[in-house]
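As given in TrEMBL:
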DNA_BIND  1-95  DNA-binding region
DOMAIN    1-95  domain 'OmpR/PhoB-type'
Amino acid sequence: MQIGCCWFDINQSTLSNQSNDTSWKMAKVEFAVLELLVRFRDQVLSKEQLLQQIPQEHRTQAKLQEAIERLRFFLGEESAQLLEAIDDQGFILHTRMKSSVKRTISGPLASMTKQKYGLLIAQLVLLIILIHSFFDPSESIKPVNEHQIVTSSGIVSYYPVSNSGEPAGELENLSRFFVQQIEACERVLWDDIFVSLTHNQRVISIVLKREVKGKTEVKNVKGISPDTSKGYIDQTWLKRSGICG
């Protein structure tokens, strides 16, 4: 299977770089990681999924990161861009080089992938909303639909933020499910929750805001799913992410 300038032979457990005519007989860890990424190409895989693929005696975050770095090193500077980290939570192996797409953007954004660009736009929208709420409280500006969630610890404002390229219906489905989970929390730790959906409905970006002793606190949380399901968003995940207590 072709991966940029390299050929991955699954049967022989080898990765051959055709640009410098070198071949690598892969160790078990690197082979296991690449084999799973190839099997689910163009899909985001969480670190937990990749760790489960690694032999048990090597199943550590350090070994996984080391394997990713070795794979990128052998792929070379250009082809290594195909193996992308997603917000320090998972990885995706792209089929095509993003740099081959014609761009009209120059500067630092020119090397940005489509996924990262979409996520950046979503986060900028969230930031604009937050700036309005910080510095212009007298204005009744509602760039997104506000929902009041009644919880046992008080009222929480929830804002679903639409992202260009993502179906509106998917955000509505996510909102209904997310609100149900928030309502079930014993205690919600934040006053305002902004949620957007990116990366082909697989990455959820959440911005949290609250007032503590006259100061505004903001926190960013991301959730990754290997598919479009949102079942991982439960009470355990909400508490681990610091959204609920």
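Glycine is no exception: its Cβ is also placed from the backbone N, Cα and C atoms.
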Confidence summary (mean pLDDT) of the DNA-binding region (1-95)
90
DSSP on the DNA-binding region (1-95): how many residues come out helix, how many strand, how many coil?
44 helix, 24 strand, 27 coil
